[in-house]
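Now, the feature entries from TrEMBL:
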ACT_SITE  Cys101  active site, nucleophile
ACT_SITE  His164  active site
BINDING   Asp61, Asp62, Cys101, Asp311, Asn312  Ca(2+) binding site
DOMAIN    53-377  domain 'Sulfatase N-terminal'
CARBOHYD  Asn226  N-linked glycosylation site
MOD_RES   Cys101  3-oxoalanine (Cys)
Amino acid sequence: MIILYFLHELSHDIFLFAVGAAMGLHLIQRISLLLLSFTCGSWSETLRNGSPPNIIIMLMDDMGWGDLGVFGQPSKETPNLDRMAAEGMLFPNFYAANPLCSPSRAALLTGRLPVRNGFYTTNAHARNAYTPQEIVGGISKDEILLPQMLRKMGYVSKIVGKWHLGHRPQHLPLEHGFDGWFGAPNCHFGPYNNSFRPNIPVYNNSQMVGRYYEEFGINVKTGESNLTQIYLQESLAFLRDQASTQHPFFLYWAVDATHAPVYASKHFLGRSQRGRYGDAVMELDYSVGVILKELRKLGIAQDTFVFFTSDNGAAVMSGPNQSGSNGPFLCGKETTFEGGMREPAIAWWPGHIPAGKVSYQLGSVMDLFTTSLALAGLPPPDDRAIDGLDLTPVLLNSSLINRPIFYYRGNEMMAVRVGEYKAHYWTWSNSWEEFNKGINFCPGQEVAGVTTHTQKEHTMQPLIFHLGRDPGEKYPISVLSSEYQAVLQHISPVVEQHKKDLVPGMPQLNMCDLAVMNWAPAGCEKMGKCLKAPKSQPWKCDWPH
């Protein structure tokens, strides 16, 4: 059935494109804004007469666009996610705000590009930066996060899983609007010997309750770990508690089994045709099914908006047993090619979002901030630039809103998408030095002059691709063609306006120090798990990619 919907929506999209060509883009923008204001007004009216909906954001880690059966994965091992799409709305054109985990997550929770919210580095040009244990910075106290806003409407908010916006006390979730947390501040890298680098702590609210590879086992050799099951049970307990109190809630389910080293529980190991990574996907798919079934069982499915997506593209540099599929798209995580930033995305809300719909809306994880606020009856903060759009007209009325997608890597805008066209102003996969060490961000996908190993500037003559005809970004449109000139004339003012309006935030990911690692998290003294930190010797972090 979902394939039939794809065909139906495709013909609808072609019709819209033809109308757009006849009417002109400016008129479409005006109509979009009128639809947006009308729908938002209607929705606010509804909210005043009843309670706002519960909100669940399911954020996967390094899961690729091509990992879901509904997006064509041949193994068809995601029946619950495929059913979620059949019951809800599928977004084939949905994007991360960055091709790396920490900046993308910061963007989701603030509705702002990482270059605005400070989750980038200026140590070198166009470098990916994140929050390893040695990072000094984290999410700024000046940023306003989604749970802080939702609290105004009485929401109770919990994060289950990976935080990744800083691990020092002032950066942790409960300091930024969340009421509860079960999970870890960093990636589950390890195991470490606790002498030169401590194992990552796992928190229950504000107190450490163990460490990865110690109390919370991950067998790197076999891939066995019960963490996904633990995160599932934590989420179910939260749902049951909140259903009994009848307060609106926000659950941020940020599980990380598909991030290398990938893991799955014993029951799922060895089941997938895709190897260990597929095992992890199957367990996450099962967990999604359990959560949606629980919402129905509790009688709150029609009161709960659920959105499923990923933080960035599949980490194809890790190899097929430790990473997923980006479908037809070029390269993967850490790059601003489509494989690095286009994500699987599904919206589900029985009785509100029409079942089986496919939306070709250009979407971003930043939109989840603004959309969630709109659903709660709240306007976004008006004292700062917000990059996320309110997608309620798309979700509830199947509208389309004209907007660009900006592809950033560190402090540089690398590319922009407007409609079906994408213009690259800079290209870079990774350096020759890293590539010669065996780190390949585009295995089997080298495209001459595109997947460059030196930073290549194209600002005077950007590389332009039509993503409908060429989703793999293999065939740049000839600069001599009338199509190129027309597209460039349309895209250039969009980029110029963006750069003119951009006020970068203070970079938070410049400094590192071994002394700030997870040596003695809160609660370690109760467990006898406190470790001695080395002397503070800060340095400028080296970001090779």
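Including glycine, each Cβ sits where the backbone N, Cα and C put it.
Non-local contacts of Asp62 (Ca(2+) binding site) by the CB criterion (under 8 A, 6+ apart in sequence, same chain) comprise Cys101, Thr258, His259, Ala260, Ser310, Asp311, Asn312, Gly313, Ala314, Ala315, Ser323, Gly324, Lys333. Averaged over the domain 'Sulfatase N-terminal' (53-377), the predicted model reaches a pLDDT of 98. If you take the C-beta of Asn226 (N-linked glycosylation site) and look for same-chain residues 6 or more apart in sequence within under 8 angstroms, you find Gly217, Ser265. The two recorded residues, Asp61 (Ca(2+) binding site) and His164 (active site), have Cα atoms 11 Å apart. Here the binding-site residues are Asp61, Asp311; the one with the fewest Cβ atoms within 10 Å of its Cβ is Asp61. Apart from Asp61, Asp62, Cys101, Asp311, Asn312, the Ca(2+) site neighbourhood in this chain, defined by C-beta within 8 angstroms of the site C-beta centre, holds Met60, Met63, Ala96, Leu100, Ser104, Asp256, His259, Ser310, Ala315, Lys333. Long-range Cβ proximity for the residue listed as 'active site', meaning a same-chain Cβ under 8 A and a gap of 6 or more residues, is found for Cys101, Ser102, Arg105, Tyr130, Thr131, Pro185, Asn186, Cys187, Ala254.
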